[in-house]
Structure formats: C-alpha cells, structure tokens
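Annotated features, as they stand in TrEMBL:
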- 9-326: domain 'FAD/NAD(P)-binding' (DOMAIN)
- 45-50: disulfide bond (DISULFID)
- 54, 142, 143, 144, 311: FAD binding site (BINDING)
- 179, 180, 181, 182, 183, 184, 185, 186, 202, 271: NAD(+) binding site (BINDING)
- 346-451: domain 'Pyridine nucleotide-disulphide oxidoreductase dimerisation' (DOMAIN)
Ligand SMILES: Cc1cc2nc3c(=O)[nH]c(=O)nc-3n(C[C@H](O)[C@H](O)[C@H](O)COP(=O)(O)OP(=O)(O)OC[C@H]3O[C@@H](n4cnc5c(N)ncnc54)[C@H](O)[C@@H]3O)c2cc1C
Ligand SMILES: NC(=O)c1ccc[n+]([C@@H]2O[C@H](COP(=O)([O-])OP(=O)(O)OC[C@H]3O[C@@H](n4cnc5c(N)ncnc54)[C@H](O)[C@@H]3O)[C@@H](O)[C@H]2O)c1
C-alpha cells in the first residue's frame, strides 16, 4: 500500500485528555501538528470515564437528596427513577462536551486529525491508515483499558466494564461489582441510590490508596445507604446463574469461609491496563512493562524523540494529571523548557457522597518521611456543616518542619471543591502561616483551612515564654 508521507513538527497518538491538550496547545502557537485517534475523540474521560460517571452520580445524588429532604422538614417521598431518562441525562452530558473535543474543532485549530490506528514502524516513523508520519517529536497518549482479572469462569459470563456500563438503559436489579477502587465505589453508590441492590467484592481494602481514617467515613456512608461491601474477599470462580440471576460469584473470605453472591449484572472494576499493545513500541525502541511506558520525570521515553503522557505512562491515572503532563511536554517541545513532573503535587478526588479529596502526602506517607504534625478538624466544628446537616466529615492537614504544608485530605460535603484550595497551597509550597493569614467568608466549609492553621499555632499561646512576653507588653501600658 502506498502511503501519503507527512512530516509535521509534532505527531500526537491518542485523542483523549492528554493528547488533545498537547494538540490544542501546540496548534494554538501555530505549530504543525498531526493527531491520530482510532476511536471516539475525547478518549475515556469524555466517553466512558469521568463525564458519564459524574453525570450518573449527579442523577443519583438527586434521588438521595429527595430521600433525605424529610430531615429538613420537606417531604417528597420515595423518588421514582426513570432509567431511560437517567441514561438520556448521561448521554446528554457527553453530547454537550463532545463538540469541544471534536474532529471539527481540532481541524479549525489547524490540527490534521487522522482517524486510524497508529503504529511505530521504526524509531521516527508512525503509520496510520493511509499515512506515513515522520515527525520531529511524537507524544504517546494512548490511555488505558479496563484490566480483566484472570478469574476462572469469567470469560464464559457476560460482564460490564466502564466501556459498556454507560450504555445500560436500565437500572440493574442486583449489581455485583468486583473491585473496590474509585470506579467500583463511585458506581456502587450511584447505582444503589438509583434503586439497585449492590454488592462490592474487594480482595483487599476498599479505597486502599486513601488515608484510612478518611476512607472509613466515605465507605461508612455507602454502607448506611445499603451497599453490601465485602472486603478481604477473593472471587475464586464465576459461573452463569439461573433464573433472574445472570451470574454467581463464589467468594472465599480471609477466614476461609465460602459464600455465593448472585446478581443480575456484573461490573468489573479491577484497575487498568496501559494501551501499549500493537503500537510497535519495540520497533521504536520504547521500553515498557505491565505498568506502562517507562518515562523519567522529564516524561521522555527511552526513545528521545518520543514523550508519553497520561494513563499509558503509568503512575497516577487522572484526567487532570494527563492534562498537566501534556502542558509540561508542550513547554518542552515549543520552548525547550526543562520538565520536572512532580506527582506529589497532584490532587485527587473520589466522587462519593461525601466526596473524598487528597493532595500531597497522607499522614502515613508523611510519617514514613520523618516527623510531622497531623491537624484534624471534624465537620461538626464548622457552622456551615451544622446548618446543612452535613456534619459527617473530617479535614486533615499534614504539616512538616518549619510549618511546611505536606498534605491535606478532606472527606465531607463539597470536599471536592475544598481540595482545590489545598492543591494551590501545596503547588505553591506554602507554609501553614499562609492559611492562617487569609480571610475566609463565613459560613463556608472552606473555612476549615484557616481553622486548621489556627490549631497549628494554638500550642504557642500556652508557651511560658509567650505568656511572659504578653505580661511585659501589658506592663508597658
Ligand atoms: C469510570 C471512570 C471514571 C473516571 N473518573 C475520573 C474522574 O472523575 N476524574 C479524573 O481525573 N479521572 C477519572 N478517570 C480517569 C481518566 O478517565 C483517565 O485518567 C484519562 O482519561 C486518561 O487520559 P489519557 O489521555 O491518558 O487517555 P484516554 O483519555 O483514554 O485517551 C487515549 C486515546 O488514545 C486512543 N488510542 C489508543 N491506542 C491508539 C492507537 N494505537 N492509535 C490511535 N489512537 C489510539 C484511544 O482510542 C483513546 O481515545 C476515570 C476513569 C474511569 C474508567
Ligand atoms: N474520581 C476519580 O478521579 C476517578 C474515578 C474512577 C477512576 N479513576 C481512575 O481510574 C483508575 C482505575 O480505577 P479502578 O477503581 O478500576 O482501579 P484501582 O486499581 O484503583 O482499584 C481496583 C481495585 O480492585 C481490586 N481488585 C483487583 N483485582 C481483584 C479481584 N480479582 N477481586 C477483588 N478485587 C480486586 C484491587 O484490590 C483494587 O482495590 C484509578 O486509578 C483512578 O486513577 C479516577
């Protein structure tokens, strides 16, 4: 097959959160960019990840709010759930954002978009459809796919992943979820609120990457809402069920006891596999392993012409991380500025209700690195939380030597938004004095930041030297 030769400045492989950011930013400076995308523009986040999951969570929150309204003296009764309308809302959210990520928009920015599968044929050439692309630099942003665990019997039953879940236009009668990470836990609460019975089977601890004290509050809320969360349980076998039960899960707990969980639907949420297969990475001299493409803190692969960003580069798998890495790569490609990706600065939020946000080090991580102070403020101490009857929450601030803010974690109402404030503090390497010195509007939940900073200084007020100084000043009149 004779191919059309292209020689752009930059070739981006993958049109998801990472790839689109690189392409749009580089094109906005007039750089010649080719973008290759084999599937839907927008990648996982828009089509099968963040956007549909958050749209479903929003619908579910309205159902939960209706149920909880009686606490405030407002009686609306048990909400009726119209599954088709919920599905339409989810698809509507995707459709509203899709034009921003579309081929048309990128072409209008000056990007040449090739809709085909890309594959390296040598260290500086990629083939995609009818094109042969020899670019000055390549950016690999092919994302990740759901990891399917090797559970006996799984291949012979039908199951959902994030790639098929949002096409459901019914609410499962009984949903079993394997995996208690952010995907499993967010979806468990959403489907439970929309009327499904939900069982989550997690072989270790649910939300294990989070501060256990904060995770316990989010998971407690799920359990109170009726999610059957089974931690420390191994799925030893899966088989087709009978009658209403499409699937049976055979579980073994840590104590050796065995149980069977039957469900109408099964969701696999056991992590991700970087999309590296079929990319010709060997031909290009790009080292990779099960965790993804190997990159240094400069985001360069073992082929100096090729950078990798987002899920395919392993590490933290979030849209904002892919976008941030993309921005760093653009700075390097266009302005030759050095890159130093700092994962410790990256915030994350699990969108449970209450949500759980974290940035910087958790208390346990900080303690491993040396002495630190963990300041804690329960939501019950915040007037706004009392007014909202949203006292189920906790804010933690981890402070290191000379008052340096090392980390912060929030679980509670609007923790997702409050995390932004702490992300700024960490990214600017602020000290706790910066949080003590700003005025926060009353009554807000974000006031917690200033209140925690005040707690840091409280012991100082009890120091004898401070008392002596105060009495001296008093005597001066
Ligand atoms: C259910 C779910 C919910 C999530 N919620 C959140 C959230 O709330 N917040 C958050 O920050 N993150 C969330 N994430 C994670 C987030 O979706 C990913 O981290 C993000 O999409 C990664 O972006 P990316 O650019 O690396 O990959 P992707 O967005 O997956 O894009 C990769 C693109 O590359 C294309 N591609 C792959 N191989 C080739 C090839 N050979 N040739 C051409 N094109 C190719 C793919 O078709 C795809 O479009 C969620 C993930 C899931 C599964
Ligand atoms: N709010 C957000 O930002 C958000 C939401 C969803 C997903 N994500 C991203 O997507 C990534 C993938 O999420 P995820 O939840 O699929 O993966 P994950 O790796 O975070 O969690 C998977 C869980 O499945 C468990 N597991 C694995 N195999 C199992 C088995 N055979 N039986 C029982 N349990 C098993 C693991 O112990 C783990 O707790 C996350 O790392 C996150 O970065 C982010």
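Any Cβ shown, glycine's included, is placed from N, Cα and C.
Cβ neighbour counts within 10 Å, taken over all protein chains shown, single out 311 as the most crowded of the binding-site residues 202, 311. Take the Cα of residue 311 (FAD binding site) and measure to each of the binding-site residues 179, 181, 202: the nearest one is 181. Rounded to the nearest whole angstrom, the C-alpha distance between residue 181 (NAD(+) binding site) and residue 142 (FAD binding site) is 22. In the predicted structure, the domain 'Pyridine nucleotide-disulphide oxidoreductase dimerisation' (346-451) carries a mean pLDDT of 97. In this structure the alpha carbons, written CA, of residue 202 (NAD(+) binding site) and residue 144 (FAD binding site) are 21 Å apart. For the binding-site residues 54, 142, 143, 179, the ranking by surrounding Cβ atoms (within 10 Å, all protein chains) places 142 first. Proximity of the binding-site residues 143, 202, 311 to ligand 1, judged by a Cβ distance under 6 angstroms to any of its atoms, singles out 143, 311 in sequence order. Reported as a whole number, the C-alpha separation between residue 45 (disulfide bond) and residue 143 (FAD binding site) equals 10 Å.
Compared over the binding-site residues 183, 185, the count of CB atoms lying within 10 A of a residue's CB peaks at 185. Distance from the CA of residue 143 (FAD binding site) to the CA of residue 185 (NAD(+) binding site) is 22 Å.
Taking Cα separation as the measure, residue 50 (disulfide bond) is nearest to 183 of the binding-site residues 143, 179, 183. Among the binding-site residues 142, 144, 185, no residue is identified whose Cβ is positioned under 6 Å from ligand 2.
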